[in-house]
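Asker: Below is a structure I'd like to ask you about.
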Amino acid sequence: MRFMAGPAGSQSLGPLCFHSSPQALYTVLLIVLVMMSLVFGKFVPVNWEPPQPLPFPKYLRCYRCLLETKELGCLLGSDICLTPAGSSCITLHKKNSSGSDVMVSDCRSKEQMSDCSNTRTSPVSGFWIFSQYCFLDFCNDPQNRGLYTP
């Protein structure tokens, strides 16, 4: 290894071969930023494809109870039923003028939805039937029923 003697050997290249201190500061700042992004940053690839729509559920899940009152809850057949997409959940209210309200909750297919939100008289004298449909999972269960009441 040879050493240079004379004026060329004593001449310093300066801090990292920079000719001015602002250039050195910018370079140090750039190095710090790159190091911080490598240490703390995460590489997230860019997806240029349009987002795919969420898959439509195959079945609607509904609450099923064959005999229910507000005071006592479900008395007969508490269960879950599945119905194809496009169908609905239903709650039938059988009421009379004294305030009695007996309910039946179930699934209803598209073909059976002709009486949607319909009030009609019952075969039992003094009672009428009100049907209430909804189209979200478990929208007819007792906790959610009030949220979907028109």
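Heads up, the Cβ atoms here are built off N, Cα and C, so glycines get one too.
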Asker: Quick test of reading the record: Swiss-Prot lists a disulfide for C74. Which of C65, C81 is on the other end?
Answerer: C65
Asker: With the disulphide bonds as Swiss-Prot has them, who is the partner of C139, out of C116, C134?
Answerer: C134
Asker: Which cysteine out of C107, C116 is the one Swiss-Prot pairs with C81 in a disulfide?
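Answerer: When Swiss-Prot is consulted, C81 turns out to be bridged to C107.
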Asker: Among the disulfide-bonded residues C74, C89, which residue has the largest number of other Cβ atoms within 10 Å of its own Cβ?
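Answerer: It comes out as C89.
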Asker: Of all the disulfide-bonded residues given, namely C62, C89, C107, which is spatially nearest to C134 (disulfide bond) at the Cα level?
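Answerer: Spatially nearest to C134 (disulfide bond) by Cα position is C89.
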Asker: Can you tell me which of the recorded positions C62, C74, N96, C139 is spatially closest to C81 (disulfide bond)? Compare CA atoms only.
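Answerer: The smallest Cα gap between C81 (disulfide bond) and any of the recorded positions is with C62.
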Asker: Far apart in sequence but close in space: which same-chain residues, 6 or more away, have a Cβ under 8 Å from C107 (disulfide bond)?
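Answerer: In sequence order, the residues whose Cβ lies under 8 Å from that of C107 (disulfide bond) (at least 6 apart) are L60, C62, R64, C81, L82, T83, S87, S88, C89, I90.
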